[in-house]
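Now, the feature entries from TrEMBL:
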| type | residues | note |
| --- | --- | --- |
| TRANSMEM | 27-48 | transmembrane segment |
| DOMAIN | 41-290 | domain 'G-protein coupled receptors family 1 profile' |
| TRANSMEM | 60-81 | transmembrane segment |
| TRANSMEM | 101-120 | transmembrane segment |
| TRANSMEM | 140-163 | transmembrane segment |
| TRANSMEM | 200-222 | transmembrane segment |
| TRANSMEM | 243-261 | transmembrane segment |
| TRANSMEM | 273-292 | transmembrane segment |
Amino acid sequence: MHEENSTTVTEFLILGFPALNDYKLPFFSIVILMYCMTVSENLLIILLVSTSQRLQSPMYFFLGHLALSDIIQLSNIVPKMLDVIIRKGSVISFAGCITQFYLYGVSVSAECFLLTAMSYDRYLAICKPLHYISMMSVKLRYSLVISSWVLGLMLIFITVLFVNDLDFCGPNVINHFFCDFAPLLELSCSDTMDVVIDMFVLSFPIVVVPFLFVIISYNFIFRTIFRIPSISGRQKTFSTCSSHLVVVSTYYGSMLIIYMVPYRGHLIPANQYISLAYIVLTPLLNPVIYSLRNKDIQSSIIYLIVCTFLVSRRCISFQRQ
């Protein structure tokens, strides 16, 4: 923790979206609707993966944890963002800001590792189908998931220690809608070179290595698919990994756009809205992408609806008796 003599800043003012202040009510309504829809969708995925016998394969096991990561990311940022929108700016404590930054970093890191594990799962399923069940064992899938969360927690904690050790002596205005890395560094009156180097080094195990692994995995996957003689066989095999490929492309594409653009005092408005889409829209679309052409998930949803309807009818009949 910071001592009082090392910094004069104990809280930050998050500006949010000044350009949309005149439209705060419709903007607030859209964001809270998307938040409720996204949390409901991802909770549904977790419920289905936990209870449905159809969804017991490793891919759905990873998908459940991906949904959990999206819920953590959203619930960490959106409630405070809604306060920022409705108040046209909102104050957050130093500890609250660091906590938000940490949880955001953990969810992003865990998602990178989980998407990598899912690409490995697709590689084994398509390129090593005869050995898939033995190689992607229960022990391995649990090891991959636990490693994803533990690595995320540990690696981001290193960065948080560096950021927490910085001095913040004013100004305290964050020109963003949450406590992100670059806006925080911009407000520090300390030498931030060590933190920048630390983040650069950590970006390799968190982002670069997983991204390269995904590219290499799909290189082998596409080679295997192109060797399939029939067109229908190719389409059927590709459909087993198309959803994951779309999610990976969207995730890394938006991340590269956001963090490849240098931050210099003022966040580029377009970049800010891309961050909003990355944090709010992507978790909303992920369950839809995975469910759109997936008969197992669709069947499980229908079965859950029918069971819920039958149980509710029995309860009503019992009450009438």
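Including glycine, each Cβ sits where the backbone N, Cα and C put it.
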Fill in the blank from the handout: When counting C-beta pairs under 8 angstroms to the transmembrane segment (243-261), the leading stretch of 101-120, 200-222, 273-292 is 273-292
Fill in the blank from the handout: Note: vs the transmembrane segment (101-120), the recorded stretch with the largest number of Cβ pairs under 8 Å from 27-48, 140-163, 200-222, 273-292 is 140-163
Practice task
Verify whether three or more Cβ pairs under 8 angstroms connect the transmembrane segment (140-163) with the transmembrane segment (200-222), leaving out any pair fewer than 6 apart in sequence.
Solution key: yes
Completion exercise
Same-chain residues at least 6 beyond the ends of the transmembrane segment (273-292) with a Cβ under 8 Å from one of its Cβ atoms are 31, 34-35, 37-38, 41-42, 44-45, 63, 66-67, 70-71, 73-74, 77-78, 176-178, 180, 243, 246-247, 250-251, 254-255, 257-258, 298, 301
